[in-house]
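Taking it in order: structure first as structure tokens, then the write-up.
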Amino acid sequence: MLDIHLLRTQLDHVARLLAERNYVFPLAEFSALEAERKNLQTSTQELQARRNGASKQIGNAKSRGEDASAILAEVAHLGDELKQAESRLDQVQAALQHILLQIPNLPHSSVPEGRSESDNREVRRWGTPPTFDFSPADHVSIGERLGLLDFPTAAKISGARFSLLTGSLAHLHRALAQFMLDVHVREHGYTETYVPYLVNAESLRGTGQLPKFKEDLFEVPRRKTAEPFLENQPVAATLPSNSNSPQGGQDDDDLYLIPTSEVPLSNIVRDRIVDPELLPIKLTAHTPCFRSEAGSYGRDTRGMIRQHQFEKVELVQIVHPAHSYKALEELTGHAEAILQKLKLPYRVMALCTADMGFAAAKTYDIEVWLPQQGTYREISSCSNCEAFQARRMQARFRNEKGKPELLHTLNGSGLAVGRTLVAILENFQNADGSVSIPKVLQGYMGGTERLVPHNA
């Protein structure tokens, strides 16, 4: 969330920066509400002063034995006016808060300006894409030929955008996550963390998913305990409806499946004042992630690239504001290190103003080479959110003067496990249908060097 003081003092500058993000700031609405807020605050202060003055007159009149009924009536009238003014002030402040919660972060000055992903800027490349003396297959064909990847059964069980991995492919998927965690903990200094997979609305507001992106989430409403669960009644019919909630349409008692472990990891410092000696805080977690992909209809419908359920090893850093951009380079390098150890070619892209995520001030995307597509595809997104999330979470530390100051938060994938598996299948495929296992993973696979087709 942006600093309301910044909007009040540099509104035109903020609106211009937001326009670079393709966000149209509701200037007229905000200005009208802000003007009304100022007037109401002045009115409430004046009414309070008048009521206090009249209350003193009552005491003076009674001490002199005079009739105070007129003054009592005036105090009652002023009290009614004050209640009305305070009620309207609460409404106006809630409306301003609603606007604030919809506004994305401001881009850092180093972010390239652009209108679409085509304006993203390449920063560097690593590795050379492999060449094949045969036509490379995509991961779906490879997995099915191995007899270890079954999309039809996954669709039967759950529907579209789910995967079923078996045997050595499921083992390789698990090995990848274990390998990533080991590297980040042992070499990069992160603390492994086990987090809840269900979080409340306040946690999602803290990291910026709510209220703006509710449609991208899987919500798990809680059934009222007083209501019996009827065997033949639709589940939705037994659940309470809270669509009129003032906080963006969600009931704070309801839970949501995490879209990324960034949410629970970052919220560890919500409503806390952190000892500065503990900074930086570096956390990692391996979790499933759940996304509705509401805005992705028709995109990447084949295979594992875009799933409702996938696994990811997440990296989160909580840092002193003066160090956050150094931390962004470090965190991005930690994600890159995984690809380098796996010998997977990739490139790093600096996202332009229009392509960054809602909470980010600056983002690097890491894209891995997929031979069958002949292109690089995102496998990690590493962002510095500056104080944007910390302000929503009230995550602070004490500065040198002993005053609470907002922390800076960073997050990145280190990496998306499923997409890394896809990249291995495609980059290490062989003409006989087998897939070579990267050397750094063979120890996690009991010494297995190749995945071999089931009919070989």
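Glycine is no exception: its Cβ is also placed from the backbone N, Cα and C atoms.
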Same L-serine site per Swiss-Prot - residue from Ser158, Ser163, Ser168, Ser413 joining Thr260, Ser261, Glu262, Glu314:
Ser413
Among the binding-site residues Ser292, Ser381, Ser413, point out the residue whose Cβ has the most other Cβ atoms within 10 Å, with all shown protein chains included in the count.
Ser413
Under DSSP, is Ser380 (ATP binding site) part of a helix or a strand, or is it coil?
strand
Tally every other Cβ atom lying within 10 Å of the Cβ atom of Glu262 (L-serine binding site).
29
Go through the binding-site residues Thr260, Ser261, Glu262, Ser413 and tell me which ones have a CA within 10 A of the CA of Ser380 (ATP binding site).
Ser413
Can you grab the distance from Ser381 (ATP binding site) over to Ser413 (L-serine binding site)? Cα atoms, rounded to a whole Å.
6
